[in-house]
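For 12, 14, 15, 16, 17, 95, the entry in Swiss-Prot reads ATP binding site, with the evidence type sequence analysis. Sequence annotations record features per position, and here Swiss-Prot assigns region 'NMP' to 31-47. Annotation comment: Swiss-Prot describes 94-104 as region 'LID', evidence class sequence analysis.
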């Protein structure tokens, strides 16, 4: 398996926007659902995470994956994006999420579930929680951590 950095967090935290910015900087950043579709691991709009992890290993994928489940994919580094709760609520409402789903996603961020699930797979020094305020600054911080990690190997 190649080196995979993963960007995760609740819907509306800015994962796709940060991934797009990283692509502008020349990084191989892919949306998890796009990869799942490409590798035949998307069934009825549901991603088979185990299938995707296997295909990524077979393909020796080397890059960055962003999705709310990417931290479950055998990452070497995990970046957890968090955003202001009011911003998250506004973004999810704009996407047509039900109030129940919005509450569920807010509770997910507040409970640090992404961190604890990542901690089951990686040491704490490979997990970074970033408050996503400024997209460019967030992307540059991710790049800095990735490059520092590469230089330490």
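Counting starts with 1 at the first residue shown.
Glycine residues also receive a Cβ, built from the backbone N, Cα and C atoms like all the rest.
Overlay of Swiss-Prot annotations on the structure.
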residue : record           : contacts (Cβ under 8 Å, 6+ apart)
12      : ATP binding site : 83, 87, 88, 90, 91, 92, 95, 105
14      : ATP binding site : 81, 83, 132, 135, 138
15      : ATP binding site : 7, 8, 9, 66, 67, 68, 81
16      : ATP binding site : 31, 66
17      : ATP binding site : 135
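The ATP site in the record is lined by 12, 14, 15, 16, 17, 95, and its two most distant CA atoms lie 15 Å apart. With DSSP classes pooled into helix, strand and coil, the tally for the region 'LID' (94-104) is 7 helix, 0 strand, 4 coil. According to DSSP, residue 17 (ATP binding site) sits within a helical segment. Helix, strand and coil residue tallies for the region 'NMP' (31-47), in that order: 7 helix, 5 strand, 5 coil [DSSP]. According to its DSSP assignment, residue 12 (ATP binding site) is coil. Apart from 12, 14, 15, 16, 17, 95, the residues listed for ATP, the same chain places the Cβ atoms of 11, 13, 91 within 8 Å of the centroid of those Cβ atoms.
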